[in-house]
Amino acid sequence: MENSKPVVRLTIAVEYKIEELVGSYMTKTEYKGSPHSDRRVKENKCENESYVRMCLFLFFFPVFICSFMVAAPIFGYLGDRFNRKIILSCGIFFWSFVTLLSSFITKDYYWLLVLSRCLVGIGESSYSSISPTIIGDLFTNNKRTMMLSVFYLAIPLGSGLGYILGSIAKDAGGHWYWALRVSPMLGLIAGTLILIVVPEPKRGSADHIAGRIKTRTSWLCDMKALAKNRSYVFSSLASAAVSFATGAFGIWIPQYLVRAQVVQKTAVSCTYQPCSSKDSLIFGAITCVTGLLGVVIGAVTTRLCRQKTERADPLVCAVSMLGSAIFICLIFVVAKKSIVGAYICIFIGETLLFLNWAITADILMFVVIPTRRATAVAFQGFTSHLLGDAGSPYLIGLISDALQESYATSSLWQFLSLGYALMLCPFVIVLGGMFFLATALFFLDDRDKAEKQ
């Protein structure tokens, strides 16, 4: 099983993230072009580009995230008890079918577009809850770290391609729905590859404890055990901190950079659609590259540090997050004078922030027994969304609006107010680094307990 091809899992993960980001792009495009958009914008006081972004988030993302959070525990339960590759492939086929159908929704049936985002959240739940556990049962130690890194490389790769593919497909086809007719084909390929190529390993086989697993505990017992697992709890909270920052950045950083250029008088404020998407595309490309670099650097660094200390995994995550906070703070210092300098700080800050993606999953594999890993992954994702990107863009927007209220017509104050609001992110990242340090304190004890069960 060690020879199972990681390329299959990379293909699946890339397709999933492309679909998610293309879906996000689609909803933004369709919202602005719908016959009801002016009324909705006015009713919600969405009178400029920043408000439009915020209102799009308020309309679509809660639907997606609520469906994800409802479905994740269900798929976590199923993933610990039934054939995972069948559940996984069915989930991929389901959201591919929903995505394709959503490309035929007309403007008169806008509520179906919202429903489709809800169903895509269910598809993501099946995928994100189960896939890492299959890798965890195929590989162990440094090999598992490397394979998880290959797997999580698909997140930034798919994210960057989602921004780019959504834009290109829409421009080439002349309408948003063409962006949704590419990813379903990739989904069909991915689901088929899972059924044909990916093995269904016995739970705990890579850790050589499959023979000792006699009975599965109840769901309630699993939840109690996870709540008492300090390494799991603290690493999940740290993961939520990462999600908080990335969710806020994805919505607001491109707009912040646009406002910085207006202040520098190198651009004018956009008051009529369509607005330039240059900064969004640049930010998407940076997200893609920094994610790739972060995952690779994280895997290599952890592997080297394990030769010095057994607590390497959480310590590497803690140091990277604390370092990331410094460079993210610098974004708001240099953006007023230099857009290039801001992009450099974004590049370094995001690289350090993304460094812990695969390592966090590996920590979970070390401290949670194989028969409850899918449940653990599901609730870690639940926590990350609930405390992270489910609310961070909304919170940043509220803070910015409150600061901007007295000087709404000032371009400088629009820029500064959003920057002050985004300064919350590095503080949350520092908090996440502290959670990883707390994880390091309990990591060895929790790992030993998992190995003895």
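Placed from the backbone N, Cα and C atoms, the Cβ positions cover glycine too.
Automated prediction, rather than curation, is the source of TrEMBL annotations.
Annotation comment: TrEMBL describes 1-449 as domain 'Major facilitator superfamily (MFS) profile'.
Annotated transmembrane segment per TrEMBL: 57-79 (among others), in sequence order.
Annotation comment: TrEMBL describes 86-105 (among others) as transmembrane segment.
According to TrEMBL, the feature transmembrane segment maps to 150-169 (among others).
Under the heading transmembrane segment, TrEMBL lists 175-198 (among others).
What TrEMBL records for 232-253 (among others) is transmembrane segment. Beyond its flanks by at least six residues, the transmembrane segment (232-253) meets 50, 53-54, 57, 226, 283, 287, 314, 317, 321, 328, 331, 346, 350, 353, 356-357, 360, 363-364, 367-368, 376, 379-380, 383-393, 395-397, 400, 418, 421-422, 424-426, 428-429, 431-433, 435-436, 438-439, 442, 446 of its own chain at Cβ-Cβ distances under 8 Å.
Per TrEMBL, transmembrane segment is recorded for 281-302 (among others).
TrEMBL lists 314-335 (among others) with the feature transmembrane segment. Sequence-distant neighbours of the transmembrane segment (314-335) (same chain, 6+ residues past either end, Cβ-Cβ under 8 Å): 231, 235, 238, 241-242, 245, 253, 256-257, 260, 298, 301-302, 305, 341-342, 345-346, 348-353, 355-356, 359-360, 363, 419-420, 422-423, 425-427, 429-430, 432-434, 436-437, 439-440, 443.
Residues 132, 136, 144-145, 148-149, 151-152, 155-156, 204, 226, 229, 231-232, 235, 238-239, 242, 245-246, 249, 253, 257, 260, 282-283, 286-287, 289-291, 293-295, 297-299, 301-302, 313-314, 316-317, 320-321, 323-328, 330-331, 334-335, 376-377, 380, 429, 436, 439, 443, 446-447, 449-450, 453 of the same chain sit 6 or more residues outside the transmembrane segment (341-369) yet have a Cβ under 8 Å from a Cβ within it. Feature annotation from TrEMBL assigns transmembrane segment to 341-369 (among others).
Among the features that TrEMBL reports, transmembrane segment is placed at 420-444 (among others). Counting same-chain residues at least six beyond the ends of the transmembrane segment (420-444), those with a Cβ under 8 angstroms from any Cβ of the stretch are 230-231, 234-235, 237-242, 244-245, 248-249, 252-253, 256, 310-311, 313-315, 317-319, 321-322, 324-326, 328-329, 331-332, 353, 356, 363, 366-367, 392, 395-397, 399-400, 403.
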Mind checking which residues reach the transmembrane segment (281-302)? Cβ under 8 Å, same chain, six or more beyond either end.
145-146, 148-149, 152-153, 155-157, 159-164, 167, 249-250, 253-254, 257, 312-313, 316-317, 320, 343, 346-347, 350-359, 362
